[in-house]
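Peer 1: One structure follows; several queries about it will come next.
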Amino acid sequence: MSGRIVIEIDDDTDEDIPTTQVIKKQKNNFSINTPTKLESPKKNSFQLEKQEDDEDDETDVEENINSAANKHTATTTTTTTTTTTTPTPATAANSKTNNITPIKSTNKSQKPNEATTFCTIIGENYYLSNTFYLNTIKNQPKNLFNSPTTLTIEHLLLEKDMKSAMVCGFCLESEWIYKIFYEAQGRHVPITFIRHYFISEEKKGIQQINKSTMAINPPLGSYQTFHGKLILLVFPEFIRIIIPSSNPTQLDYDSLNQTIWFQDFQIKKAPKQATPSKDNDFLKTLKYFLASIGCPSVKFLDEYDFSEASAHLIISVPGFYKHDGAGSGIIESDKPLMGIYKLESVLKKYYRNQDETTDYTVLDKNNQHCVRDFYYQASSIGGEKGNFRNNFVKHLSPSIENSDKPLHIIYPTDQWIKSNDHRLQHAGCLFLSNKNYNNDKSCFSYLSPKYDYRKHLVYHSKVLVGTSTRLNKPLKDTLNQRSNIKYDWVYAGSHNFSSAAWGAFQKNETQIQISNYEIGVLFTNPNSSLNDSSLPEWYEHIPFTIPSNFYNNDDQPWILENQS
């Protein structure tokens, strides 16, 4: 088998390796180049020039957004997602538009932030805010049978009159970003870049590249990494929040399996009178993340209505966080929950609601018993320091009965990667060390792509799924019995499976230490009862099959360091 392996940077470094030592393998990924032609500067909502008076900067941003909001109506661009043709400025200018449509749910068991799902129409397809989507890949067939709708990042840029943008990733391809924004808008859009950098060569803070382009170096320590993937697009009457698993590079979006979630949030009717909503967890979490990475101002977000956010926002910011012992996360009330603590808090409420809505007498009558499993597909697998994997599972589902082997790490085998030239060429984005594998081999499971047209892809996505399965008594936890699977919840975002991303447990699990900046979204099943077998909207977008088989004794995972 011939093939050239494209070695990418380890974007979720092992806790024992200083970040700077790993990144220098491919330093040129971090260059930020200005476009050859720039139109006259425009104010960027995220981009505030260095001035002594920060309040003046914030006022300028508010006036800029509000004045534009009075002149335009928010609409959603119509285009098609079944082709990978790059949009042109003419396409954007001549596109038909349709309004964003809210879909009200009648399910009273849903949480307030899950009660409304927003539908965004793009071409012949509609996209819901209560699920993530898989990326449209290069040369994707136009007519796919029994496959879900996919999404390109280019189509999310086609909405008219974009005012400014923020683009975040571990690494980025600036020329490609400038290109797709220009082709979508027909002009240069003010952009702020945020990405990882070399702490030995650069300092944290703002780098003003020119009057319409800025880069922010977030605060970093020697063992810390900026790994979050986030795109914010400001339009006259709404802001579009996009959370992908992909770094903003053409290869990541075109040639690797990725997930993308987005939702549009309308500007409030009276923005001048807009006040912060202390009770809105999504807004509070987003503002904290942006402030932590060094954004000069986050107050402008208070002008948008986040009350109908369809997802739970999960973030990680480097630091130490204490647990209060009651499952509510860190003690400091002014901060949002972080990493595994936030995941635990949301899932506790979900499982509590599941117990309250389930009629267990029906299960007993059918001689059935329920166990829980967790399937984690990630492109980088961290170590087992401090019994991390077992503690991680315990925080996902404490005080209940799991299956004998509840954790399934979905990761490709060496043989599977080498059996396809495309997979072999792009396997450089997968990271697992021999040490981390040999610490505990028992939970590794085969990666089996759900859709045939994606079987040649390497999976850079990070997807964690929680399930409950009704098994017949006496318990025989076999794949043959796993026909009654309930899909409880799913996470999609930038978190790989490591303590650096989610938090290393310390001091008898009363504290975690987070080393990475991460961001993602969590969806729970709106019908939590175990008596309800309906599938959630996000089920069809899970890119791998469940249940999965564990490795056989002679199977070996793909490990880059073992390749000659």
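A Cβ is built for glycine as well, from the same backbone N, Cα and C atoms used for every other residue.
Pulled these from TrEMBL:
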- 1-109: region 'Disordered' (REGION)
- 8-17: compositional bias 'Acidic residues' (COMPBIAS)
- 28-48: compositional bias 'Polar residues' (COMPBIAS)
- 51-63: compositional bias 'Acidic residues' (COMPBIAS)
- 73-93: compositional bias 'Low complexity' (COMPBIAS)
- 94-109: compositional bias 'Polar residues' (COMPBIAS)
- His227: active site, nucleophile (ACT_SITE)
- Lys229, Lys462: substrate binding site (BINDING)
- His460: active site, proton donor/acceptor (ACT_SITE)
- Ser498: site 'Interaction with DNA' (SITE)
Peer 1: Expressed to the nearest Å, what is the distance separating Lys229 (substrate binding site) and Ser498 (site 'Interaction with DNA') at their Cα atoms?
Peer 2: 17
Peer 1: For His460 (active site, proton donor/acceptor) and His227 (active site, nucleophile), what Cα-Cα distance in Å is obtained after rounding to a whole number?
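Peer 2: Counting only the Cα atoms, the answer is 13 Å.
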Peer 1: To the nearest whole angstrom, state the Cα distance for the pair Lys462 (substrate binding site) and His227 (active site, nucleophile).
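Peer 2: Lys462 (substrate binding site) and His227 (active site, nucleophile) have their Cα atoms 12 Å apart.
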Peer 1: Using Cα coordinates, what distance in whole Å links Ser498 (site 'Interaction with DNA') and His227 (active site, nucleophile)?
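Peer 2: Each residue's Cα considered, Ser498 (site 'Interaction with DNA') and His227 (active site, nucleophile) end up 12 Å apart.
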Peer 1: Let's check the environment of His227 (active site, nucleophile): how many other CB atoms sit within 10 Å of its CB?
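Peer 2: Cβ-Cβ neighbours of His227 (active site, nucleophile) within 10 Å number 27.
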Peer 1: Using a 10 Å radius around its CB, how many other CB atoms surround Ser498 (site 'Interaction with DNA')?
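Peer 2: The answer is 27.
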